[in-house]
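Engineer: What follows is a structure written as structure tokens; I'll ask about it next.
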Amino acid sequence: MLVIPPGLSEEEEALQKKFNKLKKKKKALLALKKQSSSSTTSQGGVKRSLSEQPVMDTATATEQAKQLVKSGAISAIKAETKNSGFKRSRTLEGKLKDPEKGPVPTFQPFQRSISADDDLQESSRRPQRKSLYESFVSSSDRLRELGPDGEEAEGPGAGDGPPRSFDWGYEERSGAHSSASPPRSRSRDRSHERNRDRDRDRERDRDRDRDRDRERDRDRDRDRDRDRERDRDRERDRDRDREGPFRRSDSFPERRAPRKGNTLYVYGEDMTPTLLRGAFSPFGNIIDLSMDPPRNCAFVTYEKMESADQAVAELNGTQVESVQLKVNIARKQPMLDAATGKSVWGSLAVQNSPKGCHRDKRTQIVYSDDVYKENLVDGF
């Protein structure tokens, strides 16, 4: 047996309420539909009446309208005076009409939804911006500018121009609020100190960079001076080699020991063997004398090296029988061993060599012209 409760349950009561609301809405909709249908029929009748009227020209219509206005049946239409300018946005017009409502909420896709309470909290959290004077002038500079009585101290050139006017009202306001909000003043002081520390660090870094650049420039100058000195030394060595009698080869740039030997190199124009023997025989026994007339030079070989050194010391740069002589020890010393007597075959080689004697021992054969003539006659 099913037991049905006498009253309705909560769900049934809620459904009944909804049903009643729907009925009321349906009745309202029907009433609105009736009103709209009646308005459309009236508009259609007006349109029909207007369409049934005869078509008139603009000139006749304007004359009829003027007569009606004069009679007072129709009032003249007043032209609206519109202010020419830029169009205002609808949101701005809404703000101007209802300033108490505040800004109309609009959908902004790239902005998080912020309520008015959150906006107020954020504005309270944000640090207040400093004035332009505070951002450039620190508190210590302001105290220096002020005198002991709180007045501006007179400095050099204070009376030359008009007095400077600073925003002291802001100072008074900040002093009044400082007692009420000490944490703000502390945060400002901390920010000032941080800014000063940053400026000091930047200045130190700049000074270090300048010192480094100066040291680099000094090192570069030193290197340049060293290179210049080296180049000068090289040039001096080259000049010395060029000025000397024989140029030193590039493969042996180091200093050489003085030459030693018994063979001399003699340079002079129009030299003769008799002149050379007469000039060089007083210093020692000459074992070889060879000449090279195309080059204006000769080679004189002594028996001893001491005599060669003495001849160089006394005859180099002198003039003998109007011939300027340049005497030096020869680079090549082929007769040194033979002259000193170290080898047995050396003396023989010197005696029989083509350079050993300046005169050829062979006899020259000379043919007369008569012999040629006789041979020609016999042939024909």
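Any Cβ shown, glycine's included, is placed from N, Cα and C.
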Engineer: Can you tell me which of these residues Swiss-Prot lists as phosphoserine: Ser9, Ser174, Ser249?
Structural biologist: Ser249
Engineer: Taking 7-36, 307-336, 337-366 as the choices, which stretch does Swiss-Prot tie to coiled coil?
Structural biologist: 7-36
Engineer: From Ser115, Ser135, Ser368, pick the one Swiss-Prot annotates as phosphoserine?
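Structural biologist: Record says Ser115.
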Engineer: Could you check Swiss-Prot and say which of Ser140, Ser251, Ser290 is marked as phosphoserine?
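Structural biologist: Matching Ser140, Ser251, Ser290 against Swiss-Prot annotations yields Ser251.
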Engineer: What mean pLDDT score does the coiled coil (7-36) have in the model?
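Structural biologist: Looking only at the coiled coil (7-36), pLDDT averages out to 90.
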Engineer: Counting every protein chain present, what is the number of Cβ atoms, excluding its own, within 10 Å of the Cβ of Ser185 (phosphoserine)?
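Structural biologist: Ser185 (phosphoserine) is surrounded by 15 other Cβ atoms within 10 Å.
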